[in-house]
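*Asks:* Input: one structure, supplied below.
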Amino acid sequence: MSKGKVLLVLYEGGKHAEEQEKLLGCIENELGIRNFIEEQGYELVTTIDKDPEPTSTVDRELKDAEIVITTPFFPAYISRNRIAEAPNLKLCVTAGVGSDHVDLEAANERKITVTEVTGSNVVSVAEHVMATILVLIRNYNGGHQQAINGEWDIAGVAKNEYDLEDKIISTVGAGRIGYRVLERLVAFNPKKLLYYDYQELPAEAINRLNEASKLFNGRGDIVQRVEKLEDMVAQSDVVTINCPLHKDSRGLFNKKLISHMKDGAYLVNTARGAICVAEDVAEAVKSGKLAGYGGDVWDKQPAPKDHPWRTMDNKDHVGNAMTVHISGTSLHAQKRYAQGVKNILNSYFSKKFDYRPQDIIVQNGSYATRAYGQKK
């Protein structure tokens with residue numbers, strides 16, 4: 001008889017799991033943790049069937065599970081109703097970063113611990129942000145489509161192609177990912193790097209960016225915190241979103257906020273899809289208010305085939321830089337978050353509960369971070 005059940009919900013790898021053994025984040029490869037879990041005397045149940053609620057395999061198996069592990073890239077939504085139907089549930093683990101798929105208030109009420117592998121994919125996401133910015137501002141899609149379609153219209157591409165140099169670029173959120181985006185942007189000699197966050201960056205972090213810009217670009221004091229979001233987006237040529245999803249950020253980028261942005265600005269979102277109102281963003285791209293929107297996160301995952309972000313575009317067909325949710329799940333990131341999940345489970349199985357402080361989202365009925373809510 002097992003000590004308890006661990007429910008693992010991941011995306012299906014299919015033939016790709018056979019071709020690439022490092023694809024740990026798929027259901028076939030199980031984060032490489034099956035043997036470890038079974039050695040601890042626990043049962044591991046795996047599934048890809050997470051929807052619809054309340055008739056999915058997740059609903060059935062969660063009822064007597066002690067631990068549930070899921071991922072931001074294919075999230076099983078641990079809703080209030082699902083928590084109410086799972087009396088044995090004690091630990092929710094996110095294989096990656098971002099735990100908004102868990103009803104954190106309901107978890108607090110039940111004193112369920114929610115953890116994630118903080119830092120596991122911050123470099124991966126920051127690199128994807130940079131790639132998306134460059135795809136948009138350099139009109140990569142326009143040139144690529146001509147190349148594969150047998151065309152050669154240089155002017156048709158160049159009329160929508162710009163440099164990052166001398167641009168004002170901003171981030172909503174300047175945490176582990178947002179700061180790494182700012183670090184990488186310094187190399188492009190921006191005019192200003194702006195950030196909007198509930199707390200100011202440490203002076204040392206700001207000085208590091210300013211000094212690097214002064215040394216390599218001859219331009220100092222480029223980093224500035226902006227108190228009002230509307231003021232920041234009004235100045236910015238490129239806006240990137242790098243903050244968690246919570247009640248105050250849900251639907252933040254709507255028609256009203258977008259109206260404050262520069263005409264022809266670019267918006268990049270690798271945080272959470274629901275931070276943006278899908279229809280409002282699509283309309284802004286279509287009208288030309290936004291020159292482009294890119295990212296990899298969707299308000300529902302997997303996104304339905306008729307999601308407006310799949311087909312949104314501008315008159316020149318170069319305004320869409322969307323991908324599926326891949327920014328934080330490179331093979332390197334998968335190795336890091338698989339090991340992080342194992343470390344969290346080891347802390348739980350040993351009854352030491354000595355999780356890394358930065359990995360704890362809620363514990364003992366209260367928030368352990370201000371990223372999703374105020375400490376109580």
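Think of each number as a place in line: the chain as shown, counted from 1.
Cβ from N, Cα, C; glycine included.
The shown structure was predicted, so the numbers you read here are calculated from the model rather than taken from an experiment.
These came from Swiss-Prot, pasted as-is:
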- Val97, Asn121: substrate binding site (BINDING)
- Arg176, Ile177, Asp197, Pro244, Leu245, His246, Lys247, Asp248, Thr270, Asp296, His325, Ile326, Ser327, Gly328: NAD(+) binding site (BINDING)
- Arg272: site 'Important for catalytic activity' (SITE)
- His325: site 'Important for catalytic activity' (SITE)
*Asks:* Considering each pair of residues in Arg176, Ile177, Asp197, Pro244, Leu245, His246, Lys247, Asp248, Thr270, Asp296, His325, Ile326, Ser327, Gly328, all listed as binding NAD(+), report the largest CA to CA distance in Å, no decimals.
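*Replies:* Greatest Cα separation within the listed binding residues comes to 25 Å.
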*Asks:* For a quick check of understanding: among the binding-site residues Asn121, Ser327, which residue's Cβ has the most other Cβ atoms within 10 Å?
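*Replies:* Per the Cβ count within 10 Å, the most buried is Asn121.
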*Asks:* What binding-site residues in the list Val97, Leu245, Lys247 lie within 10 angstroms of Arg272 (site 'Important for catalytic activity'), counting C-alpha atoms?
*Replies:* Leu245
*Asks:* In Å, rounded, how far does the Cα of Leu245 (NAD(+) binding site) sit from the Cα of Val97 (substrate binding site)?
*Replies:* 11
*Asks:* According to DSSP, does Arg176 (NAD(+) binding site) sit in a helix, a strand, or coil?
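*Replies:* The residue in question, Arg176 (NAD(+) binding site), is helix (DSSP, three-state).
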*Asks:* Using Cα coordinates, what distance in whole Å links Asp197 (NAD(+) binding site) and Val97 (substrate binding site)?
*Replies:* 18
*Asks:* Sorted by position, what residues of the same chain at least six away from Arg176 (NAD(+) binding site) have a C-beta under 8 A from it?
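*Replies:* Sequence-distant Cβ neighbours: Thr118, Gly119, Val122.
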*Asks:* To the nearest whole angstrom, what is the C-alpha distance linking Thr270 (NAD(+) binding site) and Val97 (substrate binding site)?
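*Replies:* Spelling it out, the Cα of Thr270 (NAD(+) binding site) and the Cα of Val97 (substrate binding site) are 12 Å apart.
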